[in-house]
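Per TrEMBL, the feature domain 'Radical SAM core' maps to 16-232. Among the features that TrEMBL reports, [4Fe-4S] cluster binding site is placed at Cys30, Cys34, Cys37.
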Amino acid sequence: MDDIGGHDILGNPVSARAPMAMLAELTHRCPLACPYCSNPVELTRVNSELSAAEWADVFQQAAAMGVLQVHLSGGEPASRRDLAEIAASARDAGLYVNLITSGIGLTQARLRDLDAAGVEHIQLSLQGIDAEMADWIGGYTGSFARKMQVAEWIGEIGFPLTLNAVVHRQNLDRLPEMIDLAERLGCRRIEVATVQFHGWADLNRRPLMPTLEQAAEARKVVNEARLRLRGRMVIDYVPADHHATFPKSCMGGWASTGINIAPDGTVLPCHAAQTIQSLEFDNIRARSLAEIWYNGRAFNAFRGTAWLPEPCASCDRREIDYGGCRCQAMALAGDPTATDPVCSRSPLNPVLKAQAQQDAVSEDVALVYRRMPKETRA
Ligand code: SF4
Ligand code: FES
């Protein structure tokens, strides 16, 4: 299937290699209500979710294309009672199975079932370093205590564990304690990701935007901890891009290595792609995964670098960051074809930086929580 291709938004021919990883969003249901959730603001209802049998078919198709690993995610994947069955079908397809969870809804027995089903790694989210912070951010009383219990069970069973810490102005000062906690829990890795401000997080820019000082201090804390923990624990760090000089290489470039499946089977180049309303997305119930990946118009729209506008087209970093994040360009510039405004070379950057600094000193701490439509709450 290599080198089958379509055309980007300018009509340039593009080709693609097989994807390596799949994010399988099994459900948008979740007991937590984090105000920076990466799920779309329009959440998928439970009666539209793919069945376990449909997921099994998706995993077979993915493995046949060359996908190596699947991340079972949500929402909260444990909200699905058939999670172990779904995990087993991914393992049977030959995929490396990683579970991304808040821990809420997992019991010791369910974790044992997941171990038997072939889950090989777990990523546990962290909203804060104590109950007061974590329960407030997650909008769920008792979540921190439950999460720590689940972490203990994960250790007892012997799953390799990564802690996923999403950081923002309310918890960034406690980053050293988050790293210490990951160490105490025996994690092999901690991912420290600053909130990305689109979707739900865009509604919470004022309470969540880090200050410039916090962003600088976080970089220092991460660098020092990396030295101290070398050989014992890996720290992945996604800095605050509103305060950075250049954007991140989102998804390693549009439709280059990863493929996302939404709970209803919509196939996406990234988790936020549906915010780009000018694109139409195919559904796995109507078209094969390979056809969508290689020939789907949404996948080819921003593939490669030939479609890039100036200043990216003549920039020496265009093969490094591919013009930044398309969804962020949509959210901040209202144009998915624009240079990501977090780039210092974007004409919109001065306005963005001024706005970010204004948001960062706001005294507004009222959070807009992610909420499911009433009839589909977990
Ligand atoms: Fe990246 Fe474009 Fe900025 Fe260059 S101008 S650093 S390619 S976003
Ligand atoms: Fe969609 Fe970055 S989140 S391209």
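Each Cβ is built from the backbone N, Cα and C atoms, and glycine gets one as well.
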With an 8 Å cut-off on Cβ-Cβ distance and a minimum sequence separation of at least 6, pull the same-chain contacts of Cys37 ([4Fe-4S] cluster binding site), or say none.
Cys30, Gly199, Trp200, Ala201, Arg370
Can you list, in sequence order, the residues of the same chain other than Cys30, Cys34, Cys37 whose CB lies within 8 Å of the CB centroid of the [4Fe-4S] cluster site?
Leu32, Ala33, Tyr36, Ser38, Asn39, Gly75, Glu76, Ser102, Gly138, Trp200, Arg370
Which residue among the binding-site residues Cys30, Cys34 has the fewest other Cβ atoms within 10 Å of its Cβ, if you could check?
Cys34
Mind looking up the mean pLDDT for the domain 'Radical SAM core' (16-232) in the predicted model?
96
